[in-house]
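Pasting in a structure now, in structure tokens, and then I'll have a few things to ask.
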Amino acid sequence: MGRARRFQWPLLLLWAAAAGPGAGQEVQTENVTVAEGGVAEITCRLHQYDGSIVVIQNPARQTLFFNGTRALKDERFQLEEFSPRRVRIRLSDARLEDEGGYFCQLYTEDTHHQIATLTVLVAPENPVVEVREQAVEGGEVELSCLVPRSRPAATLRWYRDRKELKGVSSSQENGKVWSVASTVRFRVDRKDDGGIIICEAQNQALPSGHSKQTQYVLDVQYSPTARIHASQAVVREGDTLVLTCAVTGNPRPNQIRWNRGNESLPERAEAVGETLTLPGLVSADNGTYTCEASNKHGHARALYVLVVYDPGAVVEAQTSVPYAIVGGILALLVFLIICVLVGMVWCSVRQKGSYLTHEASGLDEQGEAREAFLNGSDGHKRKEEFFI
């Protein structure tokens, strides 16, 4: 077992006073807590010691030291100090079976003793993380984390991208130690493949701020994807073109198939795995080339349209943006501009027509008034004749 640190908490002081002859002598002990494999010091403090016999015994009441002399052949126990003020022994490589009460006995006419209680804690080892079944994109994955031995029972936590995941924990006592397990379940996608999940274990046997961690790398299986990359954008007769089929997938497709539409590949073509080499291009090599890949989760296919130009032809390199998309965007912009222009013309015509109508109406009224003014007398006569 690896080397562990020694831990001591605020200790309960136990006092005993000898009565009768030899009164005034006192023995004081301190409780000790240590991590398994660590070093513990058990101390008996003496007050007004007069040289009486001092005996140190283990929890089984076996004498370890008698007045400073070794009585039990266990080299893990060493006498560090024997003085009128203090008796101190050192225990290395502490074990669970060492736990219990250690007796400091002072023999005068009456026997007096105090007990120093040794508590042994067990730090958790690195957790064991396992997956219940293979993770597939769109499904759920269930992970389990196990710490088979700790004391007190370890606390388990899950982390993903520095965020804590909620797990379900259970514990079982096995003698003096505890076995603790935790499970976590969550949905995964292809982007989660290779992600890190951490299971962390902590208890009081570890130094403050320390923990034991195990990282689990997610293995998420998903259907393949394929894309063809050309060694050059513009090819002319006599050039050599290399097409590369970039494939992803888990499990990775182990076979890639090259085709040219409904025709066979040119005799000069050399297909090796992900690459297709077309040397000495001629116009007869024109066509749609495809690469195909598959795994148990699906199938992928990529297309490349080969156009071989004359050596002296002036052409522009193909862009990565499909012409159909660019054409669609331009058509939409033209349509919007036409709609705006039509709306502006319609509003202008309507406003102008309304203005002309009002203007003509105003002229008619003014003309009638002027005519009435000029022919006022005749009109009056006509009105008189009408009424007569």
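Keep in mind that glycine also has a Cβ here, set from the backbone N, Cα and C atoms.
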Disulfide partner of CYS104 per Swiss-Prot: which of CYS44, CYS199?
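Candidates were CYS44, CYS199; Swiss-Prot matches CYS104 with CYS44.
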Do you know which of ASN31, ASN375 is annotated N-linked glycosylation site by Swiss-Prot?
ASN31
Please identify, among the disulfide-bonded residues CYS44, CYS104, CYS145, CYS199, CYS245, the one with the smallest Cα-Cα distance to ASN286 (N-linked glycosylation site).
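Spatially nearest to ASN286 (N-linked glycosylation site) by Cα position is CYS245.
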What is the nearest of the disulfide-bonded residues CYS44, CYS104, CYS245 to CYS145 (disulfide bond), using the Cα of each?
CYS245
Whole-number Å only: compute the distance from the Cα of ASN31 (N-linked glycosylation site) to the Cα of CYS44 (disulfide bond).
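Checking the Cα atoms of ASN31 (N-linked glycosylation site) and CYS44 (disulfide bond) gives a distance of 10 Å.
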Of ASN67, CYS199, CYS245, which is closest to CYS44 (disulfide bond) if I measure between C-alpha atoms? They're all recorded positions.
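Checked the recorded positions ASN67, CYS199, CYS245; minimum Cα distance to CYS44 (disulfide bond) goes to ASN67.
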